[in-house]
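A.B. asks: Pasting in a structure now, in structure tokens, and then I'll have a few things to ask.
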Amino acid sequence: MHAEEIYTSLQWDIPTSEASQKCQSPSKCSGAWCVVTMISCVVCMGLLATSIFLGIKFFQVSSLVLEQQERLIQQDTALVNLTQWQRKYTLEYCQALLQRSLHSGSDCSPCPHNWIQNGKSCYYVFERWEMWNISKKSCLKEGASLFQIDSKEEMEFISSIGKLKGGNKYWVGVFQDGISGSWFWEDGSSPLSDLLPAERQRSAGQICGYLKDSTLISDKCDSWKYFICEKKAFGSCI
């Protein structure tokens, strides 16, 4: 009787292999679940970081697009304003020309006020002392050039003008090339042989021509004289 109790007790205390497997399986399942959970967490963190990065980039691109749109709007506005100003200016200019033509009528003058006409040219005699280069610039400001003598008749006409006082000297547009010694007008053409300076100054400096009492003479270009400007007459009024 006592031996049976001991045997029964031993049978009760020794665990079976099936029970042992049941106890070990939960620990194995728990380890695999942890690995899966960790991988899922890493993937989620990666997706979250990617989403944040893409969100930042999208915000930056959106800001650049908005900035470019604002610049385009400003440029369009400036262009519209410029176009409107040009139209307004053109309209005002055309209206002014129309009013001028209506008021002038038959009073069309081929030369500006106080200029003297001869054929297709207008002349103005400046009675102030200037060097040749300075007088050339003064004529350019008037839309003209220094007087170019194309014929004896033209020189006689200029000499007959009452403003050309006897004895005064007036620069004209002829000068001597320092290398070749040839004479040229401002436009690059050469004077006629009978219109070359009669009295020629010999000097190391540049030599230019001036008119005195119907005679063309040469002198140093840095000397001071009066001068005569010439421009084309208005073709519609000739």
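Placement of Cβ uses the backbone N, Cα and C atoms for every residue, glycine included.
Residues or ranges marked as topological domain 'Cytoplasmic' in Swiss-Prot (evidence: sequence analysis): 1-35. Per Swiss-Prot, motif 'ITAM-like' is recorded for 5-10. Look at Swiss-Prot and you will find 36-56 tagged as transmembrane segment. Per Swiss-Prot, the feature topological domain 'Extracellular' maps to 57-238; the stated evidence is sequence analysis. The N-linked glycosylation site feature in Swiss-Prot is assigned to N81, N133. Per Swiss-Prot, disulfide bond is recorded for C111-C122, C139-C229, C208-C221, and the stated evidence type is sequence analysis. Under the heading domain 'C-type lectin', Swiss-Prot lists 118-230.
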A.B. asks: Can you figure out which of N133, C139, C229 (the recorded positions) comes closest in space to C122 (disulfide bond), comparing Cα atoms?
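C.D. replies: Given the candidates N133, C139, C229, the nearest one is C229.
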A.B. asks: Given the recorded positions N81, C111, N133, C139, C229, which lie within 10 A of C221 (disulfide bond) by CA-CA distance?
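C.D. replies: Cα filter at 10 Å returns N133.
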A.B. asks: If I take the alpha carbons of C111 (disulfide bond) and C208 (disulfide bond), what is the distance between them in whole Å?
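C.D. replies: On Cα coordinates alone, these residues lie 27 Å apart.
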A.B. asks: Using the alpha carbons only, what distance in Å do you get between C208 (disulfide bond) and N133 (N-linked glycosylation site) once rounded?
C.D. replies: 10
A.B. asks: Can you give the mean pLDDT for the topological domain 'Extracellular' (57-238), rounded to a whole number?
C.D. replies: 84
A.B. asks: In whole Å, how far is C229 (disulfide bond) from N81 (N-linked glycosylation site) when you measure between their Cα atoms?
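C.D. replies: That comes out at 42 Å between the alpha carbons.
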A.B. asks: Let's check the environment of C139 (disulfide bond): how many other CB atoms sit within 10 Å of its CB?
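C.D. replies: Taking every protein chain into account, the count is 23.
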A.B. asks: For the domain 'C-type lectin' (118-230), what does DSSP give as the number of helix, strand and coil residues?
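C.D. replies: Breakdown, helix to coil: 22 helix, 42 strand, 49 coil.
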A.B. asks: With every protein chain in view, how many other Cβ atoms are within 10 Å of the Cβ of C229 (disulfide bond)?
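C.D. replies: Step by step: centre on the Cβ of C229 (disulfide bond), count other Cβ atoms within 10 Å, giving 25.
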A.B. asks: Long-range neighbours only, meaning 6 or more apart in sequence with Cβ under 8 Å: which ones does N133 (N-linked glycosylation site) have?
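C.D. replies: N133 (N-linked glycosylation site) has long-range Cβ partners C221.
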A.B. asks: Within 10 angstroms of the C-beta of N81 (N-linked glycosylation site), what count of other C-beta atoms is obtained when all protein chains are considered?
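C.D. replies: I count 10 other Cβ atoms within 10 Å of it.
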